[in-house]
Amino acid sequence: MASARNLLLLSSSRLHGHGYLEHARGQLEDLFKSANVKTVLFVPYALRDHDKYTATVRDALQPWGFNVEGLHTKPDREQALREAQAIFVGGGNTFVLLRSLYEMKLLDPIRELVLQRGLPYVGSSAGTNVATRSIHTTNDMPVAYPPSFEALALVPFNINPHYLDPEAGSRHKGETRDERLEEFVAYHGLPVLGLREGTSVRVQGEKAILLGDRNAKLFKADGGTEELAPLADLTFLLQK
């Protein structure tokens, strides 16, 4: 059965020179309007202050015509998800977010609603990490201990949000981002998409495309790498 996926996976909510979510406004509007979304259910669990975080997202989306409600305010979270028009899983600490989703038993309902019923899903940073098969390629400190690194698996590959290129001439002797991602590939034999700031992945059913004005870097399962230009067809990454 074909997937009903309707996803927008952002590298980040903030981009230098832009207001909160401003760089992704057109992408968000396209996604929400395609599904006639008027109210977005925000999942704030990647940060500690859920009320403040939800208010930040509300302040960004309301002027564009979208209401925002916080999942944390709902007495029955699973029912709220089932009644939602769209969900937005915000960034922050990926380990904290995933542990919260496990503790609240929300992984299975989200997975079902997104993959089988086509519930629009927006992820940013940590929210993008948990949308992938696992959180192994997050940049975050493991300040919390989820039961597993396995995540929602809305897409069958890994993403590294906030991807940074190695700095030419750097005197830093620690591992580069590339070396860490290459290590993951060596152990797991799975591809990782490095999303630079301002880029995102749009998934509609069995098709995916790279959005934004910068390249993404693909770390291939065989150990090679490839630069992918804006509007590149990423559908091949959806093949399990």
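Each residue, glycine too, has its Cβ placed from N, Cα and C.
The number of other Cβ atoms within 10 Å of the Cβ belonging to SER125 (active site, charge relay system), over all protein chains shown, comes to 28. Among the features that Swiss-Prot reports, active site, charge relay system is placed at SER125 (among others), with the record citing similarity to another entry.
Sequence-distant neighbours of ASP140 (active site, charge relay system): residues of the same chain at least 6 apart with a C-beta under 8 Å from its C-beta are ASN93, THR94, PHE95, ALA126. If you look up Swiss-Prot, you'll see ASP140 (among others) marked as active site, charge relay system.
According to Swiss-Prot, the active site, charge relay system annotation covers HIS162 (among others), on the basis of similarity to another entry. In sequence order, SER11, SER12, SER125, ASN139, LEU195, ARG196, GLU197 constitute the residues six or more apart from HIS162 (active site, charge relay system) in its chain with CB-CB distances below 8 Å.
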